[in-house]
């Protein structure tokens with residue numbers, strides 16, 4: 001077998017979903033049926049091999065993405081099991097960036113939940129082909145057909161149903177295979193390892209033919225031969241039909257839908273077949289785009305072992321046995337241990353020591369990795385998440401990842417002098433691992449401020465600091481990470497002039513400040529022509545604006561969603577310098593504050609609340625009291641689903657209040673939606689602080 005033919009038998013996939021939809025349970029069954037492990041690890045028992053952190057075992061949730069490799073039907077499947085909790089969405093983001101395909105797991109009762117929408121959009125962003133697995137079909141209230149409708153309505157996707165469930169809720173025993181038009185029934189005694197094929201149940205023949213017709217209509221459009229056979233009324237061979245589906249999945253025309261119950265050991269083997277049959281190999285996806293460092297020209301990187309080595313570092317973590325581990329996805333070429341590669345972002349070299357295949361937190365040393373592989377490198381010194389590693393004679397940079405801004409912060413103080421130094425080391429290490437985690441020191445109080453994606457995120461970080469680094473710390477109450485922005489365009493001319501005994505300082509800048517749409521961040525542009533300001537001084541202007549916008553205008557919060565355009569200025573042959581222009585930019589920013597309509601922004605959370613009917617009035621009243629607005633209400637079995645938008649500042653401790661008003665029967669989930677202007681009374685209190 002040629003090496004690139006071997007590449008066609010590789011699948012890099014992620015398992016993604018809302019929390020508690022059954023991602024890790026599904027992954028554990030995959031590992032059992034592929035022979036990767038000889039027992040099934042259950043999440044609720046804290047025994048899932050993919051949830052290896054102590055915090056994951058205790059909470060029964062996935063916190064960090066875990067990688068593993070297994071084999072099925074002569075194909076190698078590299079799997080990344082990702083978290084479903086919104087606080088750890090960064091793990092999903094960086095995993096999807098390096099994957100070729102994904103399995104989206106849905107709760108057969110709840111269907112498409114808020115975090116399902118989030119991860120789906122993340123997969124859309126990176127054009128990741130997907131398969132849907134409707135899980136928990138054995139649960140009371142499970143409804144396969146409603147879940148399929150929700151995929152259309154909430155995700156805007158085109159589902160291609162390949163299976164139908166046989167039996168409802170506790171009577172769910174197997175599936176109808178619409179490709180082969182047969183039933184598949186699982187044997188309970190073998191933990192689902194054994195199953196048998198049979199006839200389609202008589203009461204399902206009509207609906208099976210209906211969905212088979214829909215399947216054929218969608219799939220045959222991808223192949224002329226298949227279309228001709230279909231319109232001539234002839235049977236389309238299963239192999240040709242599978243090729244049509246594969247092409248449609250790779251082109252994101254539709255999303256195959258399968259069903260089962262991972263916990264009851266039903267439906268996992270056909271899911272593995274679908275991964276092999278329909279999700280792309282590394283050499284099926286479009287060529288990766290990069291930038292040639294020397295020429296700044298775009299380059300296309302072909303996924304082949306015979307090309308130059310190019311890889312993306314997508315995760316850095318600390319292992320107590322081997323130190324720093326850098327996870328990479330190799331897009332082209334080969335990598336051997338005891339060689340040297342280039343970090344094209346840092347323009348520095350890295351020596352490759354150990355190359356490791358990972359199974360959760362277990363390691364296997366290998367001497368070589370090649371295109372398509374996902375491996376970990378031990379002991380890299382300078383590489384961080386998003387950096388490109390490449391051959392020394394092929395300096396290219398791949399597109400960097402974008403990470404969300406933290407929305408919550410806490411003050412962290414060491415309990416003793418001995419903890420002081422250890423805390424600095426611990427936090428530096430944790431921040432380097434997690435791009436969604438931020439740290440700074442309050443210049444007035446001297447307190448260390450830790451910024452994260454939510455209460456659980458920060459709670460886990462503090463817990464890791466204590467367990468892994470033996471640091472005891474006092475933790476302040478969570479605070480909202482507000483932002484500031486401008487609402488008007490304004491032109492500012494500012495002259496910085498200072499004369500001391502020796503050389504003076506002189507810089508003149510003319511800057512246009514403009515508001516940008518939400519989510520745009522900060523943008524800087526120079527329109528200097530004719531040498532009004534020498535090129536070497538312009539970065540000083542940008543640096544000055546970057547530095548001062550972090551200190552805010554109203555209440556000391558970072559300023560976002562605005563553009564600064566440097567369109568004119570002046571310099572002095574002797575007295576001008578990059579520092580002078582940096583100070584001039586800061587002065588222009590300060591002058592702009594009172595003229596550009598500065599406002600304070602607060603994070604708004606999209607909240608989904610599931611409550612029994614009898615508590616709906618209390619729940620809605622409580623939402624309104626939190627400055628929230630109800631956007632939508634739906635019926636789901638015997639419960640009401642309320643979709644609301646509520647300021648994060650009003651969500652602290654909400655879980656306790658919700659349990660209290662519903663006698664513990666209601667539940668909720670939330671994720672960041674957008675920033676909105678805060679009411680004047682909140683603005684006044686924040687300015688006082």
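Numbering starts at 1 and runs along the chain as it is shown here.
Placement of Cβ uses the backbone N, Cα and C atoms for every residue, glycine included.
According to Swiss-Prot, the protein carries these features:
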DOMAIN    8-283  domain 'tr-type G'
BINDING   17-24, 81-85, 135-138  GTP binding site
For residue 23 (GTP binding site): DSSP state (helix, strand, coil): helix
Residues near residue 137 (GTP binding site) in space but at least six apart in sequence (CB under 8 A): 108, 144, 165, 169, 172, 259, 260, 261, 266, 267
Surrounding CB atoms that lie within 10 Å of the CB of residue 20 (GTP binding site), all protein chains: 20
Residue 82 (GTP binding site): tally of other CB atoms within 10 A of its CB: 27
Model confidence over the domain 'tr-type G' (8-283) (mean pLDDT, whole number): 85
